[in-house]
Each structure stands twice: as C-alpha cells, then as structure tokens.
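Asks: Let me begin by handing over the structure; questions about it come next.
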Amino acid sequence: MRALGAVITLLLWGQLFAADFGNEVTDIADDSCPKPPEIANGYVEHLVRYQCKNYYRLRTEGDGVYALNSEKQWVNKAVGEQLPECEAVCGKPKHPVDQVQRIIGGSLDAKGSFPWQAKMVSRHNLVTGATLISEQWLLTTAKNLFLNHTENATAQDIAPTLTLYLGRRQLVEIEKVVLHPNYSEVDIGLIKLKDKVPVNERVMPICLPSKDYTEVGRVGYVSGWGRNSNFTYTDHLKYVMLPVADQDKCIQHYENSTVPENKIPKNPVGVQPILNEHTFCAGMSKYQEDTCYGDAGSTFAIHDLQQDTWYAAGILSFDKSCTVAEYGVYVKTFNILDWIQKTIASN
C-alpha cells in the first residue's frame, strides 16, 4: 500500500499491518503478527494513518485515518476513498538566519538558511538569481530572462539558453518560461521545471504572501550570487538584511540620478529602474553594504514571527546599486499573486 510518498502506520494491530522502514512502506501478511485478543461486547477495527516524509505535510479534508470496511476498502469518515496528498513545506528553513551578514563583502551562508535561492546562468555565463516558490516553479525577473537576447525573443527562445542550480549546485532542467503579460512594467517571469524537485534541508520553496509585507521599516533578507566588493561574482551564497524604504524618497532619488535632457549621470548609478505601484524599495543597511549585479531574481524574504514562516515579499528587479545608490528596487509579490496562481494552475 502506498500513497503519494506518504508513510502509512498501523493504529491498531489486526489482519493487515503496514510498517515504516526508513521511507519505505511494507505490507506484512496476516499471519506475520499476532491477532489482538478479543474483548467482551467489543470488536477489533483495522485502521491506518497516512503520514508524510520530512519536509512534506498532509493535505486532506479528513484526518488521514482510514478504516477497513466490510468490502475491504480503506475509507475515511470525511472523504471516503479519496486519498490525501503530501505537499511540500514552504518557508521553514532548518537553519534560519540569525545574524546580520551581507552580500557585498559579507559572510557566507554555510547553513542553508535560504533553501529557496536558485542560481541561474544565462547566455555568455551571466549569473543571476531565481526564487523557488513550489516544487516545480520559480520566480525571477523578465530582465534576467532576456539577458543577451533581443527584445523580439520569445519565451520558447529563452528557455533552452538557461542553466539553473538549486541547493548544493543541483542542476535542474527547465521545461518552459512564462513572461508576465506586462513585463515591461512588471519585471517578472516564471520558470517551470521539467520535474518536481525533492524538498529537503537544502532545497525548499519560500511561501507566497497572503498579505503585503512591504510597509516602510519592515526588515527583510536578500540572498544572492551576485558580485562582491571587488565586482567579481562570488562562488558562495551571501545575504544582506535591509529595511523597506519610503517609496517617494526612492522615486525622488532615482529621478535626480540623471539630467533629463541628455541623461548624463549625476551619480555612479545613471540607470533608471522601473518604479510604479507594483514596486517597493529597500534601503542601504547601516553597514553600507547592498545587493549588486547578479542578485536580481532573488527574493526579499520576510520572517513572519507569529507564524514562524518565511514569505517572498518581493523579487529584486534593480540590482545595480552596489553601495553607490541608496535603494534597490523590488517587484511586490503580493500584487502579482493572482497572475502567479493562475499561470501555475493553467500550466
């Protein structure tokens, strides 16, 4: 007896016994274990309970307990013969980050605090980021997907040119790319993998938010494979803690970064990010360290202390700040939640 990767355990010994050996479920014949003694005015009922492996949880409207009826069918009181499913746990890293460490010139993430972080390599070995949001889907920016492609490139053209790694450089195959229908204003794309990835300590999706976590002052963490203080790509995942900034100040900062008539840079940035109702800004930390080239596509991860769960509040779109600008710019995940869910459901 098996059920979608679940482990089945016997609640009361009887004619059928299902045991858990490691992650395998083994049936034992009727005569392999003694029958329970009879009791006066009572009877023996055979029950099994479905449980999930580590890093998965049971999804069912019932309680996961099934009884053997007179027709030798396993049924649950609430859902009948319908079996439960084991869905991947999200936003529950085994080793959550517990101190401030940074991307630019910072310390390393040696503990797997960001198991949703993916490393994406595009044409000509340009490194960017992507964020695992389910067993088979990742978020990244449209700009990342179009790197070294013409503006006329299609999603079908782009997908074969990407290489994607999860966990400890686990290579995963890409099935397709889906661009946001308004990607010039909403810098987002989805990546679908050919197969679901096993969820474990090093590979785990981050949860999608059910509310907007981007109020000014909220602190989040951004991990990344982008360039370090020497402007060379790092071989190790690093991270930074940054506060959400005032949007008006952020807009004013970038509006003043160029002279409108001839676009002569007034500061080292000189590039205009996309800023609109779908974006928010995160400011420089007090350590004067920041995200940089190659970190785009990574998530602004928020730890909801009440739920003890990590949520993807945003996706880094503008990663050109590199300590010379005050703000990085992110796409609000909550604003595109409906598109994400509909796209995944229809694909």
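Cβ from N, Cα, C; glycine included.
Okay, so Swiss-Prot annotates it like this:
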DISULFID  CYS52-CYS86  disulfide bond
DISULFID  CYS250-CYS281  disulfide bond
DISULFID  CYS292-CYS322  disulfide bond
DOMAIN    31-88  domain 'Sushi'
DOMAIN    103-345  domain 'Peptidase S1'
CARBOHYD  ASN148  N-linked glycosylation site
CARBOHYD  ASN152  N-linked glycosylation site
CARBOHYD  ASN182  N-linked glycosylation site
CARBOHYD  ASN230  N-linked glycosylation site
CARBOHYD  ASN256  N-linked glycosylation site
Asks: Taking DSSP states H, G and I as helix and E and B as strand, how many residues of the domain 'Sushi' (31-88) are helix, strand and coil?
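Replies: DSSP classes over the domain 'Sushi' (31-88) add up to 2 helix, 22 strand, 34 coil.
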Asks: What's the CA to CA span in angstrom from CYS250 (disulfide bond) over to CYS86 (disulfide bond)?
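Replies: About 43 Å separates the two Cα atoms.
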Asks: Let me know the model's mean pLDDT on the domain 'Peptidase S1' (103-345).
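Replies: That stretch averages a pLDDT of 85.
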Asks: Should ASN152 (N-linked glycosylation site) be counted as helix, strand, or coil on the basis of DSSP?
Replies: coil
Asks: Return only the integer: C-alpha distance in Å from ASN182 (N-linked glycosylation site) to ASN256 (N-linked glycosylation site).
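Replies: Answer for this pair: 26 Å between alpha carbons.
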Asks: Out of these glycosylation sites, ASN148, ASN152, ASN182, ASN256, which one has the fewest other C-beta atoms within 10 Å of its own C-beta?
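Replies: Checked ASN148, ASN152, ASN182, ASN256; of these glycosylation sites, fewest Cβ neighbours within 10 Å: ASN152.
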Asks: How many whole Å apart are the CA atoms of ASN256 (N-linked glycosylation site) and CYS86 (disulfide bond)?
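Replies: On Cα coordinates alone, these residues lie 52 Å apart.
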Asks: May I ask which of the disulfide-bonded residues CYS52, CYS86, CYS281 is closest to ASN152 (N-linked glycosylation site) if we compare their C-alpha atoms?
Replies: CYS281
